Each structure stands twice: as C-alpha cells, then as structure tokens.
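Enquirer: Handing you this structure, nothing more for now.
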Amino acid sequence: MPVILALWEAKMGESLEDLLLAAAYVLDAQYNRNVPFETSPQAIRLYYFYNHWTTQVATYFFICVDLALALFEEPALFPLPFLATSIAEILCLTAFFGRLIHFAKITPQMVFWKDTKNICIMVTIVLTLIDLIIYGSLESINVRSIRWSRALRPVFLINFPESRQIRRAFRSLRNTLPDILYVFLLFMFSVLMFSLMALKLFGDRGLKTAEGSPYFENILEIAFELYVLVTTANSPDVMMPAYDFNWWYSLYFIIYIIINTYIFMSVFLAVVYNNYRKHLKNEIRKLAYLKRHKMIAAFNVLKVKVGADFVVEEAQWRRLAQVVAPDMSSAHLELLLRISDEGQKGHVDKMNFLRLADLLNIHVVTISIKRHPLEAWMPRVYQSSASLLVQKMVRHRIFVWVFDVIILINAIFIALDEKNSLISYAEWLFLSLYIIEILLKLYTYDPKAYFERKQFWNWGELVWGRKGISSREYNSQQILDIVLILRILRLLRVIVSIQRFRVIVTTLINIGPAMLTFGGLVFVVYYVFAIIGMEVFHGKVQFFDPNFTAPDALVCGNPALQGSAFARGRYCKNNFNDLASAFTVLTELTVAWFLNFLLLANGFALVTHQAAKLYFILFHIVVVILIVNIFIAFVLEAFFVAYSLEKSEVETAIEKKIQELGVGIQEEELQDGKLTDHVDTKDRGLHGDDGDNKRKALKGLYCRIASKKYRTVDALLQRMFESEIAPENEGSALDEILNFSPSDMCPKNPNFENSA
C-alpha cells in the first residue's frame, strides 16, 4: 500500500492525506473497529501500521507464547529452567508494552487513559514483573512460592483491540451477571432451606451411607450433597439411605429435584437467554451506529458540492476503493461503482457512499465462460441434436435426482446381507452407473470446471474411483464397498436442498465463526481455573502405570484416598500436575459433569481440605450455568435468525445489481485473473436451450456471490438496525453511541406484537 500511495502522490501532484484519512474510516467501518485515532498525517500512518496484518500476527504470537509458558513452568509438562521461561515472559511483556505505546501514539491522551483495557494491560504487566522478581528471589534461595500472576495472562488475550470478539463475549457474560445473581441467590436460598429440612428430617435417625459414614448430620455436607443433586451426579445414591428407612422420604427428594433441577435450571437458561439477547442487540446497535458514524466521517472528508448536493466524485471514489481494497479486480470494482453510481452520473451520493463498507464485505468472484473442448474439436458432432439432447438431460435437475435415488437404493443394499450373490452383483451394477454418471458429466461440462479446486464432490468421485482400481490391500469386494460407502456421503447434498433441513444446516454454518469466539471465552476460563488448580492440587494425586503393583498405585500416591471411589475407579490420571492434565480434568467436568463432579470434588477434597469443593462448585457455576447457557442462547438466536432468513430471503445491493445486469459485468478486456473462477453451467444460471444460446452470445465475465458470511447472526442483526437508520440521519454523537443502553430499545408501551 505505501508504494501505491507514493505512485499516486507523484502522479497526481497533490496530498493524499485526506484519502488516507477517509480510507481509515472506511476500513474501521468495514471491520467494525471502534478505535478513536488522531487525524494528523503521522498518526494516520501509524494507525495503518498498527492495523497491518504483520503487527497483529506478531501480537497474537507473543500472546500465544505467553500463555504457552505454563507448559514449561513448574508444574511443567515439558520442564525448562526458570531463567529460560522468565526471559521469554519478559520478552512477551516488552512486546505488549510496545504495542501499548504504539496504541497511545495514535489515540488522544484523554481517550487512552480513560480506556479500561489499557489500564488492565499496564497493571497486569506491572504485577507480572513484581511476581517474577519475588518468585525469582525466593527461587535463588531454594524457597518455593506461588506464581500467582500466571492466572492474569489471559488479560492480554482479552484486552488488546484485536480480540474485540472475545471481549464482547465477556461483556455479555458480565452484563448477564447482575440479573442472574438474583436467581442464583434465590436458588441458594432454596438449597439451604432444603438442607435445614434434611437436617431435621434425617439428622437424628442414625442413618448411614453405603460407605458407613453418618448420613445428613452436618449442614455444610448436606448443602454440598444437595447442590450436587442438582447436577444429578449423586442420584439416586444420596436418596437411598432415607428411602430405605421410609418410602415417604423419597417425596422430599422428588420435590427438591423438581424445584431446583428442572425449574431453577430452566429459569437460569431463560434469564441468560433474555439478557444475552438484549445485550447482544445493544452491542450490534452500537456497531451499526458506529459504522454509520465512521462512514459519514469518511464522506465528509471527500465530499464536494455538485449543484445543491454534496457528493464524492467518481475518480476519488475509485482511488478510495483501491486504497481500501488494493487487490480488488477491475470487474469487481466496476460492479461496485455501478451499484454506488446508480444513474451513471459520474459521482456517488451520500446514501450510496454509506454502503461502501457493506459492499466490500461481500466477496464476489468473476466467472469465466469457456467452451467445452469437444465443442472446439468436433463442433458439428457436439452441437448435433442428439448431443444437445444428452446435454440437456444431464443439466436437468431430474438427472441429479435419479442418481441420488440410486445412491439411496445402494445404501439399502449395503445394509443387507452382502453374502447373497444377487446383492454382491448388484453392487457392481451401482459402480457401473456411477462411472456412467461421471462420463456423462464430463461430456456435458468443461472438464477443467468439473475438476476445479472448489468442486469437492467431483474430485471425490474421481479419487474414490481411482482407489477402486489401484489399491492392493483389499480384495475387489472390499474396495467396492469402500467406494460405494463414500458415495453415500453425496446424500448430504440432497439434505441441504430440502428447505427444512437447510434451516438447520444454515444455522450450523452461521454459528461456525462464532464458535471461535466462544472457544476463546472457554479457553480463558479454563486457563484461569487450570492455573489455580495447578497451584492448589499439584502433586496431591499421582498417576502410576496400570501394571505397577506397589501400594501407592492403589491410592494414587496419597494415603488419604484409601478406600475412596476416586482410588477404586483408578482416576489417578485426572490430576493437576501439569497444564494438559488440568485442561483434561476441566473438560471432563464440563462435558460429563453429571458423572464426574462428585467423584472428582470428593477426591481432591480428601487430599487437601473440604473447602476444595468450592473450586469445583465455582467452576460449575461459571462454565455450566453461565457459559454453556450463553452458548445455548446464541444457538437459539442463530436458529431464529436463520429461520427468519429462510422465510424471507434477504438480498443485498450486489445481488440485486447482478440480477439487473443479467449475469454480471461484461468487460471485453480483463487482465486481472486472480478472482477468475470456473463453475458448471448450473452455477452460472444457464439452463436448457436459452442457456446455450446466451452462452454463445456472451463474451466476458459473470459475477456471483462467493460466500454468505454477510448472513451470519451478527451481520443480519446489524443490517436490521442499519435499516432503521434513515439515510439522511447524521447519527448520534460518539459519546452517545458508546453509552447506548439496552433499555433504550425496549418499547414504552409493550404489547404482544412488539414483544414477539
């Protein structure tokens, strides 16, 4: 980009600072960045460097190194000397501090010092250095201490501007806490009330558990057992002593489970979903207004007055688009210009200029129209009536349906007894039909297009066919089975073509990118709990080889586990002796907490203190009650949005313009071939005789939307709020936008319609 700008500056003989400033605003709007920056020429160039992919990659590299140090520090999976890990950590802190200084150079001082993220990073750097000095000093005199600052390392991952998605997920978690706190207090009140009732009902009856210990005689033990009962981890064991004593006592536990497991846990989900949805929409509304604010600022920098209106001249618009997206093809640029300059007036008005950030987010590829090789070699034969009839049949949707039905029938045959000779020979018939299908498609479609890199299914057909010929490790029948089983995977395309199934598939695709966000959220929580667990439980449980017969192996290296369910189940490898083991234990608690919660909590409580159970309770509250429910809330919201999209398909300005132009931009000479794609006739929208005639007459390129990323949940919600902003609305001030509240969106006079 600097080379391009230098050439332009030399060619135009004028300053490019306004163009750089406008491009910075557009890039911020395109990527939803909310970084207030200085508008001086030096600050703008520093801002471009700050957002350059190399600096961002370097920042993430040092964040990963800093987090990975826990693998090499005591307790370590791969032990390294303290000097080596401390030097690496100091280098990481230096990089973080340099990134922070860079950020301070591009933002106003008042904004920088008011930003909580910057304060958190600075405080964490200082605390880490203090901890390193203290720990290193004690280490030099052989005194072991606690590296408490390691639990603060995820602060860098959360608070740098590059991690705004993870930060937004944490804001959703934080904003949900006040409302869920009241439900949680009521839930704990219910548990304590039932604990007191249990103490009076069972405490004086001399009942014993299966292990022979007193049953429900300590209020804290009762409260813990009843909390675990909510997770069903100790059901029905916790009930059996009372149930054996008197049948009527089972009603106590049944009522408890109904109230606390089913009602309160459902209320938790309802409260989390309601608040998550409310705060998500508020966040998206902020993004929509901030994007409008940035685009208006860019327009104001470049606008000129033509008649009574302010506009951006076409030449200036082109230069702006090339600065923002230097790799854009000329066909793509021409398409965006035709969308923005609807009347071909030579300038772009304000309303169309504000859409530029959205247009840049939609990936468009150009499609080259090429003749089939047989058409060039044997035009008369390939264009004969019989040949055209074969091509028409292959292009018809019924051709696809017929072979999908054949694959379905083949799946039924595979499920039957293959020892039957009739079934065995039938499978060779299916293979013959499959070869015929490939040959017919190769005859109809351009072979290069059929086997281009994005045609996964077509490549699969060829590869699986080759496996059936070249493999020597299996007999012919086994090879045939493998090939035909793999062919059944093509039924996934049939499922996607059904609207009801497409809603579910679309939802899964839409939540895919957000999975990384929630993965980052879960990783941060896991990392903090893992570090705490390593400091508290390190060395308390040891793993021995299963063939090891020493007495210590039977109690996981700790006599306190003698006779415990933890030792009897040989859960010795579930320990906190290194980061990998700690993550494994936490994963077990998350995925199968209803089985492992009580066993693991009791095991580690025996080797330390009964207060250790609070660690597992807190993990259950944060991960299972909060984060898992927030994830469920997101999936629900994604499904509702995807379902609404299927009910009313949304078209973008680019899609409409492609339809208006026929099949796309026709350009006689296109030298940029980076985005050239080859797809079959069906993808080009050419069917039957009309398609053949149009294909002959066209010279140039077709355009299509390459991805549907703009239809994710966040993007659709953002477009919903953007549609509510009138084009002539200048938007709110920046401070007002940042202080938007979810209550501002609530209707003053709610009714059933607006509630729905």
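Placement of Cβ uses the backbone N, Cα and C atoms for every residue, glycine included.
According to TrEMBL, the protein has these features:
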TRANSMEM  53-72  transmembrane segment
DOMAIN    58-278  domain 'Ion transport'
TRANSMEM  78-98  transmembrane segment
TRANSMEM  119-138  transmembrane segment
TRANSMEM  180-203  transmembrane segment
TRANSMEM  215-233  transmembrane segment
TRANSMEM  253-276  transmembrane segment
DOMAIN    396-644  domain 'Ion transport'
TRANSMEM  398-416  transmembrane segment
TRANSMEM  422-444  transmembrane segment
TRANSMEM  503-529  transmembrane segment
TRANSMEM  583-607  transmembrane segment
TRANSMEM  614-643  transmembrane segment
Enquirer: Does the transmembrane segment (180-203) come close to the transmembrane segment (253-276), meaning at least 3 CB pairs under 8 Å for residues 6 or more apart?
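Expert: Yes, the stretches contact each other.
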Enquirer: With the transmembrane segment (583-607) as the reference, find which of 180-203, 215-233, 398-416, 422-444 contributes the most Cβ pairs under 8 Å.
Expert: 215-233
Enquirer: Mean pLDDT, the domain 'Ion transport' (396-644)?
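Expert: When the pLDDT values over the domain 'Ion transport' (396-644) are averaged, the result is 74.
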Enquirer: Which sequence-distant residues neighbour the transmembrane segment (180-203)? Criterion: at least 6 residues beyond either end, Cβ under 8 Å.
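Expert: Here the qualifying positions are 215-217, 219, 222-223, 226-227, 230, 241-242, 249, 252, 256, 259-260, 264, 267-268, 271-272, 275, 621, 625-626.
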